[in-house]
Amino acid sequence: MELKEKFLISYAFSFIIICFTVAECSIYHNLKYFETLHASSLTHHMVKRGAKVSSHPFNTIKELHFKTLGKDFRLILHPHSSVLHSNFKAYAVDGDGKETTVHVDRDNFYTGRVFGESTSDVKLHMEDGVITGIIHTPDETYHIEPSWRHLPHLDDKSMITYKASDIKLSWAGGNNGATEGKPRVCGYVKEGKELEEDDDEQDEARNIELQHEQSEKDKYLERNQDHHDGMQANSQDSEKEGSGKRVKRQSDYEYTPTKTRCPLLLVADYRFFQEMGASNTKTTISYLISLIDRVHKIYNDTVWQDRQDMDGFKGMGFVIKKILVHSEPTRVRGGEAHYNMVREKWDVRNLLEVFSREYSHKDFCLAHLFTDLKFEGGILGLAYVGSPRRNSVGGICTPEYFKNGYTLYLNSGLSSSRNHYGQRVITREADLVTAHEFGHNWGSEHDPDVAECS
């Protein structure tokens with residue numbers, strides 16, 4: 001055998017071994033290109049520290065500098081923890097359900113901008129020099145996260161960096177947008193259809209009543225038509241004088257921005273704690289806070305409108321009120337089921353239903369379970385969908401629901417960090433899956449599979 005052939009065989013064998021040991025090359029399924037960044041290559045210093053101790057975010061300003069992806073980043077940052085509720089609490093939970101308070105250092109969470117780019121936006125968490133964050137610029141969005149979740153051969157001070165334009169989402173189609181074989185990565189559950197049947201009867205009666213009211217209004221307008229025509233003739237003369245001026249029609253929404261935040265209960269099961277939190281409670285909590293901070297930005301920046309010709313409104317989002325991290329499986333008696341029990345395989349809908357039995361969910365706008373289970377069909381998330389219809393159940397602001405002898409609290413959903421390849425999702429995928437399931441909880445069903453909704 002020639003030397004060249006021996007080299008090629010040796011190289012191929014080495015590549016196979018590396019791919020097998022390095023999370024089976026999972027990162028290459030998700031990213032066209034990425035770079036690594038070490039904590040030692042970051043330079044950061046305080047630009048300003050207030051003379052007096054203050055909780056005001058601009059009392060402390062930090063500058064962070066690093067180079068990656070062909071760009072020289074200079075970030076101007078200040079502490080930011082507005083995504084945490086004023087009564088925020090975090091707990092570690094043992095196998096018997098005992099909760100132990102965990103202190104969270106809010107000063108490790110930052111927001112800011114790229115120096116010289118006024119329309120940029122930065123959100124990141126930094127601890128021991130390691131960053132998890134997102135950088136929005138007018139031309140591109142950049143992501144940074146610890147490398148150990150995807151490249152375990154690197155040390156725990158390393159990070160991976162990548163552009164949004166280089167992401168290959170687990171649920172994306174193949175070449176030319178083909179969707180054949182594409183995994184179905186999320187779903188929603190609609191409970192209480194029998195309750196809505198009564199709602200339909202009430203709606204029919206209400207429609208008859210409205211039709212009668214409209215008929216009476218039409219009769220009134222006919223009687224006053226002559227008077228109306230005379231007034232209209234006078235007004236047309238006035239409009240000619242002020243042509244070109246347009247009176248804005250009344251908004252379709254009467255929206256008073258008083259309750260704009262949805263308080264969350266976040267629950268990490270023992271699998272998520274082990275895999276995504278590296279069996280470290282604070283690491284798990286920091287991951288979840290950063291994730292919700294990014295999801296909140298998606299919602300808070302969204303203009304909510306039924307049609308393009310409507311003004312709509314914005315500024316809706318989330319705050320985290322409580323985090324529970326299960327450090328070990330929950331011990332159960334024979335015949336009992338618990339969402340955090342030892343069980344190798346769960347049906348995703350069954351897991352969501354068991355999770356929704358938790359009585360404490362009633363104290364929150366939404367409760368969300370984070371797990372590392374790999375579900376059948378590559379499902380990454382599931383949630384109960386909300387509805388504006390009377391008597392409906394599911395999603396935010398829902399009444400309790402009784403099913404199979406259990407009381408269910410359907411303001412709940414779940415997300416998995418294990419994709420259909422059996423590998424950990426990158427942070428951007430985790431953001432989108434969680435945001436998607438929150439959308440179901442808020443009443444959004446799936447868009448039709450057409451170009452307008454792509």
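One is the number of the first residue shown, and numbering goes on along the chain from there.
Each residue, glycine too, has its Cβ placed from N, Cα and C.
What TrEMBL records for 228-253 is region 'Disordered'.
The domain 'Peptidase M12B' annotation in TrEMBL covers 260-454.
Look at TrEMBL and you will find His436, His440, His446 tagged as Zn(2+) binding site. Secondary structure at His440 (Zn(2+) binding site), taken from DSSP and collapsed to helix, strand or coil, is helix. Taking the Cβ of His440 (Zn(2+) binding site) as centre and 10 Å as the limit, one finds 24 other Cβ atoms among all the protein chains shown.
Residues annotated as active site in TrEMBL: Glu437. Here Glu437 (active site) comes close to Cys186, Tyr188, His368, Gly381, Leu382, Ala383, Gly413, Leu414, Ser415: these same-chain residues lie at least six apart in sequence, with C-beta atoms under 8 angstroms from its C-beta.
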- Message: With every protein chain in view, what's the tally of Cβ atoms within 10 Å of the Cβ of His436 (Zn(2+) binding site), excluding that atom itself?
- Response: 21
- Item | Taken over the domain 'Peptidase M12B' (260-454), the model's mean pLDDT | 91
